[in-house]
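Undergrad: Sharing a structure, written as structure tokens. Questions coming.
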Amino acid sequence: QLNAQQLYSDFQHSVWEFFSKIPNGNIPDIMTYREVRFLSVVGPAALPPDQLDRYNRLINDMLAIYNAASICAYNEPLRCGLKLQPDLTNIMAKNRNWDELQHVWTEWRRNTGSKYKDTYEQLVTLSNTAAKLNNFTNTADYWNFPFESQNFDVDLEEAWEEVKPLYEQLHAYVRRRLRDYYGPEKINRQAPLPAHILGNMWAQSWVDIFDISQPYPGRNFLDVGPEMERQQYTPAIIFRLAEDFFVSLNFSQLPLDFWTSSILEQPLDREVICQPSAWDFCNREDFRIKMCTKVTMKDLIMAHHEMAHIYYFMQYKNQKKVFRDGANPGFHEAIGEAIGLSVGTPKHLQQIGLVQTSVDDLSVDVNFLYSMALDKVAFLPFSYVLDKWRNDIFRGEITKDQYNCEWWRLREQYTGIKPPVLRSERDFDPGSKYHVPANIPYLR
């Protein structure tokens, strides 16, 4: 993998050197100009070899700490080695002990972000150097370039202002339910929400506190998982069903190689990273999915989401290589999300034989929509803040001695969330999120 990455970086660097010598005024037509412009943006590969090696080492050093991080159990200090997946994720999702959640929240950050704050500052400097070599002012402009907007920051703020009233209603409702659950001594009726009790390590999704906050207790919305098991569904059947969905929209069937080369369930002979993903091997015929599929409603929807990526790959496979990508970095995910929303409706589930009788109950519908809001609406300001914070750093508006303070100022301003314990600049809490040490944009 490292050798392949080095070969690709060398190729990108040579392409960048070639195109950087061509004056823009010499390109006669817009499509050629566009092609040259996209080919000449190669990111970190524009760095000289020694700086590129240092850039990669800084990221690898931080990710080595992140991936190896573990903590000790709250009530059993000698039982250590608890990892983010699955141990800490499960505790944050299912445990309701205020002090234990606070322990897990704090220890995860102590063993990740706080260990590489200095390294991250070095990464920012190198990342900005690479951006300038690509003819951008800084990394923020480089990351925003594919969205092709002259006022992207304004676009984002305006989009957020449209969603904000709905988010504020959701936030107020959740605060009231958590105040009922934990008591007024823990939850102030006007203060921001403590970040450790929302069911997720970063409070980016609140769906795992549905059980203690649902509007209509016991009025469960549709879960076709048991019916899938009763009908003896398998991962292969789930993906065949997803293929049928796209064929019904007049797309073609998938090539045979997709079925022979994809990984649709956990292999028995080795461990694999099971994060669902779709792959375009860039030869116009090899497309694959890697997903350790389980027979659940969640994975039924996820399978359709990943299949949407595959069909998008296939639609632009005959474009020139430089144009074989989503219309912008968020477009692929938007299509997958739209398909997932369509698949999860009672009407569709009834059409494919997973619901025998129609469910028409206001309380069930409200619970279903509330659950979706906990996942989708709560996520929007988190993703916005993560890249807004990094953009301010890349632009020099936030310096190293303000990293953590400014992070929590933005979290409180946009998400109404605060840390459960006092924080200082000795901490580096945003570094506890994978995309920060990996230097990967998140906004999409």
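Glycine is treated like the rest: Cβ placed from N, Cα and C.
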Undergrad: Could you identify, going by TrEMBL, the member of C292, C405 that forms a disulphide bond with C274?
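TA: Here TrEMBL pairs C274 in a disulfide with C292.
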Undergrad: Can you sort out which of C80, C282 is the disulfide partner TrEMBL gives for C72?
TA: C80
Undergrad: Measure from the CA atom of H309 (Zn(2+) 1 binding site) to the CA atom of N75 (N-linked glycosylation site) and give the result in Å, rounded to a whole number.
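TA: Their Cα atoms are separated by 44 Å.
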Undergrad: Applying a 10 Å Cβ distance cut-off over all chains shown, what neighbour count does C292 (disulfide bond) have?
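TA: The answer is 16.
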Undergrad: Near H305 (Zn(2+) 1 binding site) in space, meaning Cα within 10 angstroms, which of the recorded positions do we find among C72, C274, C292, H435?
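TA: Cα within 10 Å of H305 (Zn(2+) 1 binding site): none.
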Undergrad: An 8 Å radius from the center of the H305, H309, E333 Cβ atoms defines the neighbourhood of the Zn(2+) 1 site; name the other residues of that chain inside it, in order.
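TA: Same chain, not in H305, H309, E333, Cβ within 8 Å: A278, E306, A308, H332, I335, G336, E337, I339, G340.
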Undergrad: If you measure H435 (active site, proton donor 1) to E333 (Zn(2+) 1 binding site) at Cα, how many Å is it?
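TA: Roughly 17 Å, rounded to the nearest whole number.
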Undergrad: Please work out the number of neighbouring Cβ atoms within 10 Å of the Cβ of E333 (Zn(2+) 1 binding site), leaving out its own Cβ.
TA: 14
